[in-house]
Amino acid sequence: MGSQSYLWQLTKRTVTSAIIGVTISDRYVTFSSVRGSSMYPTFQATSTSFPGSLRGDLVLAERFCLERYKFSQGDVIIFKAPDNHKKIFVKRLIALPGEWIQIPESSEMLKIPEGHCWVEGDNSACSLDSRFFGPIPLGLVKGRVTHVIWPPQRIGAIERKIPTGRIPPT
Amino acid sequence: MAWASGSGRRFAGIPWRVIASDAAGRFMLVCKAACAVHVFNNYVCSIALVRGPSMLPAINVSGDVVAVERISVRSGSIGVGDVVLLRSPENPLKIVTKRVTGLEGDSVTFERDPARGDHRRKTVLVPKGHVWVQGDNVYESRDSRQFGAVPYGLIQGRAFCKIWPPKDFGRIEQKL
């Protein structure tokens, strides 16, 4: 009887904390690990030669920006991949709706349609981004990355930066 | 002086510790309830008020309350004919209700703009990871015919049941 009530208490506690954790991660802040080298050097994927170890950086993403979908150029965002809803990408936001952008590797100018944005990886050599799939709807954005929290030697905030010469001054 | 010491004693006599712990307990209970509601709404089922002319006759112009389930979106089992709520690709703050008429890899044929008498037919192939959505009322709906196929990730839920007004209570049918 005693062990049964203990088990019941334990289950209740676990479920409650899981529910609270999920809510916080859905609405306020969440953790995410970054794999791949598309955002090098902002995030670094460690070599995969240590199986079992944490691969890639652990980052903190806030979700308050989703209340009004207000972003700035240079923010690092996480979003659902437009061609696979189960995959989450992390890239840098380059241009917002209504802005003109010069497509790299061509001299073409493109106006970002209403409700969309242009995202690119910092490491343009190996990044699957808007240069490949075009502007993405803002509705796919799931949060803004604010800090790196692991590994310890690179803990710190992430600053906004924009590649120069891409967006003409208005 | 006698009055002051009396009120002081009375003040000290109030069981502040008990009141505070009671209040904290109640506050936590409210928080837990709010969290439970959020999880249930986001992962299982919620209700939504939908209105507008685009889904006539399945949904009224004046607004119906529908039950929306989230499970089939997460499991990826949204099919052709389902009524879905999705974040508008043109304005992320707006949630629109449309019917899925094509999944990835399907080719969809539609009349270009019947509202303006443009009945030419056009066929497009839905790209990978996207769905084609259209309103039931082809004359007054802003949907994939204007903005193209939408990524599956924008779908928020599947409307499966009308619950208000009571005379319309019933399942929302899957149809083409």
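Every residue gets a Cβ built from N, Cα and C, even glycine.
As given in TrEMBL:
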DOMAIN    A:8-104  domain 'Peptidase S26'
ACT_SITE  A:SER38  active site
ACT_SITE  A:LYS91  active site
DOMAIN    A:107-150  domain 'Peptidase S26'
Other parts of the chain folded back onto the domain 'Peptidase S26' (A:107-150), taken as Cβ under 8 Å at six or more residues beyond its ends:
30-32, 37-43, 54, 57-63, 65-66, 69, 71, 75-83, 88-101, 156-158, 163
What is the number of residues in the domain 'Peptidase S26' (A:8-104) that are helix, strand and coil, as DSSP sees it?
24 helix, 33 strand, 40 coil
Could you give me the DSSP helix, strand and coil counts for the domain 'Peptidase S26' (A:107-150)?
10 helix, 20 strand, 14 coil
A:LYS91 (active site), Cβ-centred 10 Å count of other Cβ atoms over all protein chains shown, is 24
List the Cα distance (Å, whole number) between A:LYS91 (active site) and A:SER38 (active site).
8
Any idea what the model's mean pLDDT is for the domain 'Peptidase S26' (A:107-150)?
89
Give me the long-range Cβ neighbours of A:SER38 (active site): same chain, 6+ apart, Cβ under 8 Å, in sequence order.
A:LYS91, A:GLY121, A:ASP122, A:ASN123, A:CYS126, A:SER127, A:LEU128, A:ASP129
